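> Take this structure first; my questions come after.
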């Protein structure tokens with residue numbers, strides 16, 4: 001059933017108090033335990049809670065649900081957006097429509113579910129300004145992303161542990177928190193059809209204590225994927241069972257956050273929040289509400305000034321304020337509240353509470369390149385044909401299968417560049433890449449059964465190879481130009497600002513051409529970048545003109561040791577120099593593990609939710 005059909009009328013006052021048993025019996029008979037409306041805060045009214053969470057996104061809702069499991073703890077969630085199922089409909093729920101409103105084009109913005117962030121002109125990519133998708137909805141970017149779920153490498157988390165001086169961040173110690181979030185469903189071979197056997201590691205998931213988040217394999221095995229699998233094998237990449245056990249070098253089929261029963265997106269909202277709404281009487285959601293700043297008494301957080309429809313009011317925090325506003329708005333929230341680089345705060349006449357120069361720095365992302373080809377196997381390009389689209393719709397509605405249930409790919413590969421492609425690297429580039437752990441890939445190879453960024457107008461079948469630079473060295477920043485959080489922060493990712501990244505990108509395109517050729521299905525000349533683009537200079541120019549974000553931003557409120565001048569939070573997420581404030585989201589990552597980010601965000605939220613509960617035990 002559509003989520004919008006589930007809203008109940010809010011009932012308040014003495015009548016509700018005197019009719020509790022009758023209402024409880026009525027809603028229980030309907031499969032509900034409480035009124036949905038009971039979970040929403042009253043706008044424009046001052047209120048007090050134990051914890052206030054700024055941001056109802058991937059991490060924020062995970063933390064909220066875990067805190068609200070204790071009936072003695074009250075929690076308020078402040079979220080600028082609302083339910084994406086209502087505000088964006090099928091384009092947020094159906095897997096194949098995940099690409100809608102998510103390109104880097106500055107006009108490709110859906111304002112009800114997206115912050116509309118646009119970068120500053122980026123010098124190294126021809127002064128282009130790009131839209132950076134970031135979820136403004138309950139669920140945050142888990143309601144906007146491409147749904148890939150996998151874990152990083154053992155070496156990546158060991159580097160994290162070393163950076164913050166806390167052995168609990170090793171992969172072995174983090175694995176229980178990865179497992180805690182997830183309800184894993186094995187692949188349905190009957191729906192997937194022949195040739196779709198998946199190698200996966202069942203021990204990577206809990207079979208006895210499943211979490212709220214649905215993680216599964218696609219119900220659709222694309223014909224294209226069979227050729228991709230053969231190609232990876234020809235190139236010598238080993239098949240990795242499951243991509244969730246600390247290994248990535250090789251290839252495998254990725255899991256994703258889709259409920260296989262309905263073939264719809266599973267997000268922190270559909271999983272953690274909806275469970276909390278059903279089971280908690282102490283959770284309060286303030287939707288379409290902006291956090292303005294954290295209120296302090298000297299250096300101790302006392303609450304959050306918020307605004308709903310321009311009406312300001314105060315939510316007081318008896319215990320702590322948790323900032324989970326994301327990689328761009330968490331540093332913004334700290335800075336407008338007086339925590340950040342002194343020079344920036346002074347320039348905007350914001351009183352300095354804690355001078356932390358690292359706030360907004362250390363911006364990580366994984367820029368992505370795109371190669372496009374015509375192919376002689378059926379791909380998702382055929383959805384442009386009305387008859388094909390109609391059949392796909394029927395398959396999706398009746399069987400939860402077919403191309404609409406697909407994200408456009410089944411397989412992902414990762415590798416360190418073979419020696420053949422490293423011969424033009426400078427000594428500095430070689431040294432930079434050698435500094436990454438031995439199990440950390442340099443490239444993510446993502447074959448897609450459609451033309452991702454290159455427009456097509458004919459009826460041919462197209463496929464793309466997207467290549468993410470997951471061992472890049474360029475770092476960007478986020479800053480503010482106003483003390484008003486309704487003004488977007490200023491974003492400078494600084495993609496390709498290092499020679500290392502430029503040389504890696506050129507080599508990646510050359511390697512990508514070999515990968516595409518290994519499929520054995522390309523037809524005619526290369527569509528993009530095209531056969532005329534051959535020299536290093538030409539390839540680099542193509543990269544500058546077309547490189548895009550993969551939306552894996554992290555690190556702008558980085559975790560670190562107390563003697564690290566750029567650290568913003570400690571290993572428990574506590575903001576340095578103040579009391580009662582934590583940052584729990586991807587901005588707290590000290591490093592960005594290779595690959596897709598959401599599994600690590602859920603893990604961190606689970607881990608630091610335990611830290612919050614332990615602090616009051």
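Think of each number as a place in line: the chain as shown, counted from 1.
Every residue gets a Cβ built from N, Cα and C, even glycine.
Unlike curated records, TrEMBL annotations are generated automatically.
Straight from TrEMBL, here's the annotation block:
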SIGNAL    1-22  signal peptide
DOMAIN    49-368  domain 'Glucose-methanol-choline oxidoreductase N-terminal'
DOMAIN    473-605  domain 'Glucose-methanol-choline oxidoreductase C-terminal'
ACT_SITE  552  active site, proton donor
ACT_SITE  596  active site, proton acceptor
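Each of the listed features needs to be described in terms of its position in the shown structure.
Across the domain 'Glucose-methanol-choline oxidoreductase C-terminal' (473-605), the DSSP tally of helix, strand and coil residues reads 42 helix, 24 strand, 67 coil.
Using a 10 Å radius centred on the Cβ of residue 552 (active site, proton donor) and all shown protein chains, the other Cβ atoms total 26.
Within its own chain, residue 596 (active site, proton acceptor) has 146, 148, 149, 150, 254, 552 as residues 6 or more apart in sequence whose C-beta sits under 8 angstroms from its own.
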> Tell me, roughly as an integer, the mean pLDDT over the domain 'Glucose-methanol-choline oxidoreductase N-terminal' (49-368).
95
